[in-house]
Amino acid sequence: MTTHAGHHAATGADPGAWLLPLVVVLVTAGIYLVGTRRWQRRRGRAWDPWRTASWIAGAVAIALALSPLTDSPTARAHMVQHLLLGMLAPVGLVLGAPVTLLLGVLRPDAARVVTAVLRTPAFHLLSHPVTAAVLNVGGMFVLYLTPLYALSTESTAVHHLVHAHFLIAGYLFAWAIAGPDPAPRRPGMATRVVVLITAGAAHAYLAKLLYARAGELPPGTDYAVADMQAAAQWMYYGGDVVDVMLAVALFATWLRRRSRSRENLGVGSAVVGTPRT
Amino acid sequence: MTGERVDPATRGRSVNTRSAWGGVLIGLGLVASIDEIVLHQLLRWHHFYDKSTSEMGLISDGLLHAATVVAMVAGFFVLIDVRRAGSLVPRQAWAGLLLGMGAFQLWDGTINHKLLGLHEIRYGVDLLPYDLTWLVFAVILLGAGALLLWRRPAASRPS
């Protein structure tokens, strides 16, 4: 297995280790770009380039997490992977509004299937901010406070499962809090703000706990104390960055909705905003 | 901040205090961030986790931190929204900023430091000058904010 084979790849020793990340970027970004071309042909107007940029940034974040750059058996390297996969990549992908794009390019009958799935009670439960927050931040508590982490450093399968969970739970959370995609029955601003703050607090708490008990946590590991402390600090401030990004995305949708309803009412028409599509 | 059409009715002692509330949110977040960055990180007076005198201390600290970060973002968006509605009152927003900063300082200096004993400003030194500085600073900020908010604006000053 190549998981820990590329310590020296950052110096260019193992170009083969870059194959997987490269494929990830090309496939993820490629499918999306094909979609935007189809969108443009169908709708006669361009797909928002910010969304494209955001999606590609998400794909690059995944690739970096899988690349030799973060492949080192230190707590810091793991934390960088965690930040990239669980926080930055999901935010980028969610802000790319892939479901909106999908619905815009599918044939009507296929689009109906997608919206039917979005309307199922199971999806509603799974994508509720509280569920998503528990899966996302709760998953981190389980990982760092139980022997699961030690297991993930020994078993390649567990290692990849943990990474997959990071990405999917992070995506669900970002979607639930600030997703631009349509989600039937998405809870209102108050719920989402409260969940964002609570989840941010829980994340900050866990980071401080890891810092304070750097010698003993995660159970079963023997990272140097300074290494674990640095990792915990990165976790803490990385969490802040993502909190800010999600808050900005959340309030931006709020602002857009307010501006739109104001335009409909004909109030404040002297000040022309730039409505985004 | 020029070029805004401010309804004269909403200027001064106004019914519309949303500019002030936007400022308050930013002020709360700003002063908490300054506290966090300057005192925790740069001066290391109270450290990254020194507040963890108890489990509750850590948790409440996390909540406060997350809330202030979100409050700052929310404040900016409230101001953008007020501006788009054409009813931004910069004086109110600045007043709100000062009030928010002062309120946080006062709360931090009395409730956090003294009542709950979450953490002290500094360890191993005489705390009185620090506590007094905190409170005086808080009162000055609150006073300046209140003065700016409730003083009648000069009658025919262009915005």
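Glycine too: its Cβ is placed from the backbone N, Cα and C atoms.
TrEMBL entries are annotated by machine, without manual review.
Per TrEMBL, the feature transmembrane segment maps to A:16-34 (among others).
Annotation source TrEMBL lists transmembrane segment at A:54-70 (among others).
TrEMBL lists A:82-105 (among others) with the feature transmembrane segment.
If you look up TrEMBL, you'll see A:125-145 (among others) marked as transmembrane segment. Long-range neighbours of the transmembrane segment (A:125-145) within the same chain, counting only residues 6 or more positions beyond its ends whose Cβ lies under 8 Å from a Cβ of the stretch, are 82, 86, 152, 162, 165-166, 169-170, 172-173, 175-177, 183, 186-187, 191-192, 195-196, 198-199, 202-203, 206, 210, 217-219.
The transmembrane segment annotation in TrEMBL covers A:157-178 (among others).
What TrEMBL records for A:190-214 (among others) is transmembrane segment.
Tertiary neighbourhood of the transmembrane segment (A:234-255): same-chain residues 76, 79-80, 82-83, 87-88, 91, 95, 174, 177-178, 180, 189, 192-193, 196, 200, 203-204, 206-208, 210-211, selected by CB-CB distance under 8 Å and a gap of 6+ residues from either end. Per TrEMBL, transmembrane segment is recorded for A:234-255 (among others).
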Check: What parts of the chain pack near the transmembrane segment (A:82-105), using Cβ distances under 8 Å and only residues at least 6 beyond its ends?
Finding: 32, 35-36, 38-39, 42-43, 47-48, 50-52, 54-59, 61-62, 64-65, 70, 111, 114-115, 118, 136, 140, 163, 166-167, 169-171, 173-175, 178-182, 234-235, 238-239, 241-242, 245-246, 249
